[in-house]
Each structure stands twice: as structure tokens, then as C-alpha cells.
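Asker: One structure is given below, represented as C-alpha cells, and several questions about it will come after.
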Amino acid sequence: MLIIAGLGNPGGKYAGNRHNIGFMAVDAIHRRHSFSPWSKKFRAEIAEGELGGEKVLLIKPQTFMNLSGEAVGEAMRFYKLQPADLVAIYDELDLPAGKARLKTGGGHGGHNGIKSLDAHCGKEYRRLRLGIGHPGIKEMVQNHVLGDFAKADKAWLEPLLDTLADNADMLVRNEDSQLMNKIALALGGKAEEEKPRKDNKTTEKKPAGQSHIHQARNHNQPKVLTTGPMADILKKMFGNKGE
């Protein structure tokens with residue numbers, strides 16, 4: 001079983017905030033796939049369904065952002081799950097708008113929702129960070145995060161959420177790099193280059209049944225001198241062996 005937790009603040013007042021992009025992502029997955037209607041449990045809104053043949057619980061904590069870990073931790077204990085069974089989706093100031101990054105573990109980066117998850121759920125869970133951009137000035141961060149997305153943001157926000165929802169089964173299959181490439185391409189970026197495969201270098205095959213030493217002895221042996229001054233000296237020293 002996998003828990004996909006979208007982080008945000010509850011209530012209509014915060015629904016369109018940049019800080020609520022985690023809620024938006026989970027809502028998009030819920031709409032795209034066959035999940036149960038939202039219900040209330042664990043101080044959260046939850047919905048059950050399947051992705052990629054595995055049972056999945058979508059969860060939106062209703063505790064407000066700073067206490068998100070209390071709700072998610074309660075659900076994890078109920079289902080006896082480990083940090084590896086959790087994916088958290090949340091906003092990231094330090095990523096340009098529309099960029100996404102997915103990794104296991106790491107720091108909280110000053111995100112209070114992640115601080116709470118770390119405290120209540122452990123740290124080795126997967127973190128899907130969705131970039132909302134930085135306003136450029138520290139004093140503007142709070143208004144930026146708790147401000148609504150602008151109309152112009154729809155140009156990247158909608159394809160980001162749609163692509164994530166369309167390929168949510170990749171989260172279950174741990175196809176993290178493939179999912180990141182899908183999102184990058186949908187936003188007009190470039191997929192990350194795959195690591196080059198090692199060339200299958202052709203090596204000289206050794207004859208069957210022969211050791212490396214035996215091969216070396218039979219390979220390009222120097223010619224024995226039979227004539228000339230050096231040959232005469234060798235004959236005087238060692239005699240005519242082998243003749």
C-alpha cells in the first residue's frame with residue numbers, strides 16, 4: 001500500500017494558494033482515476049483506490065500545514081506502513097515555477113509541513129517538490145506562498161497537474177526519473193539525458209581449455225637466433241641443445 005499525501009491548508013480561503021499545490025495535485029489524481037469519494041478520517045480527507053495494481057490512499061491533512069505530520073503519521077500507524085510507503089507532494093520556493101523534483105529523504109528546506117512529516121513519519125519517504133518560484137525578496141515570501149496563483153500561471157500549472165495525474169501510476173512503480181521526464185517534456189523542457197550505456201568492447205577470446213599463462217606462452221614468441229655473431233656466442237655458452 002502507498003500513501004500519497006498532498007500538503008496544504010484546509011478551507012476555501014486557502015484553496016487557490018501556491019502553498020496548496022500539494023492539495024491540487026492530489027485532487028487531480030483523484031479526478032483522473034477511480035478513487036472512492038473523499039471522506040474524513042485521521043484528521044484528514046482521504047480517498048482509497050488503486051494505481052498500477054497497488055492499493056493507494058490519497059490524503060489531504062486538515063490540521064493546517066504546520067501539523068501535517070500528525071494526520072499522515074496517524075494514517076501510517078493505522079495501516080502499519082513505513083516511510084518508504086509514503087509520497088509527499090508539496091510546494092517548493094527554491095524551484096522555478098513548473099519545475100518538479102522527486103527524491104527520497106533529505107532536509108525540510110524550511111518547509112513547516114515537511115518539518116512536521118519528518119517528526120511524525122520518519123525522514124526516508126519520497127518527496128515530490130513542485131516549484132512555485134521565489135518572489136526574489138525574503139520579505140515577500142509569506143505573501144507569495146499564501147497568495148493565489150495568477151491567471152498567467154495556468155499556462156504551466158494545468159499541464160503540470162494533468163501530467164502528474166496521467167502518470168500517477170509511476171509513483172507506485174518507483175519510476176521517478178521517468179515521471180520527471182514526462183513532466184519536463186509537458187512543460188516544454190528537455191528530458192534528462194540517460195546515462196550512456198557501457199560499450200560492449202570486443203575482447204579476444206581465449207581458446208577453450210587453455211589458461212591465460214598457456215595462451216601467453218603460445219602468443220607471438222620471439223624467434224630464436226640461429227645465425228650471426230650472437231648465435232655463435234650462445235652456442236659456445238650453452239652448446240647446441242635441441243639440435
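Here the Cβ of each residue, glycine as well, is placed from N, Cα and C on the backbone.
Here's the feature list from Swiss-Prot:
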- His19: active site, proton acceptor (ACT_SITE)
- Tyr14, Phe64, Asn66, Asn112: tRNA binding site (BINDING)
- 190-207: compositional bias 'Basic and acidic residues' (COMPBIAS)
- 188-243: region 'Disordered' (REGION)
- Asn9: site 'Discriminates between blocked and unblocked aminoacyl-tRNA' (SITE)
- Asp91: site 'Stabilizes the basic form of H active site to accept a proton' (SITE)
Asker: Taking only C-alpha atoms and a 10 A limit, tell me which of Tyr14, His19, Phe64 are near Asp91 (site 'Stabilizes the basic form of H active site to accept a proton'). These are the recorded positions.
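Answerer: So the list reads His19.
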Asker: Rounded to a whole number, how many Å is the Cα of His19 (active site, proton acceptor) away from the Cα of Phe64 (tRNA binding site)?
Answerer: 11
Asker: Let me know the DSSP-derived helix, strand or coil state of Asp91 (site 'Stabilizes the basic form of H active site to accept a proton'), please.
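Answerer: Where Asp91 (site 'Stabilizes the basic form of H active site to accept a proton') sits, the three-state DSSP reduction gives strand.
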Asker: Have a look at the binding-site residues Phe64, Asn66, Asn112 and say which one has the shortest Cα distance to Asn9 (site 'Discriminates between blocked and unblocked aminoacyl-tRNA').
Answerer: Phe64
Asker: Have a look at the recorded positions (Asn9, Asn66, Asn112) and report the one with the fewest Cβ neighbours inside 10 Å.
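Answerer: Result for the recorded positions Asn9, Asn66, Asn112: minimum number of other Cβ atoms within 10 Å at Asn66.
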Asker: Mind giving me a neighbour count for His19 (active site, proton acceptor)? Other Cβ atoms within 10 Å of its Cβ, every protein chain shown.
Answerer: 23
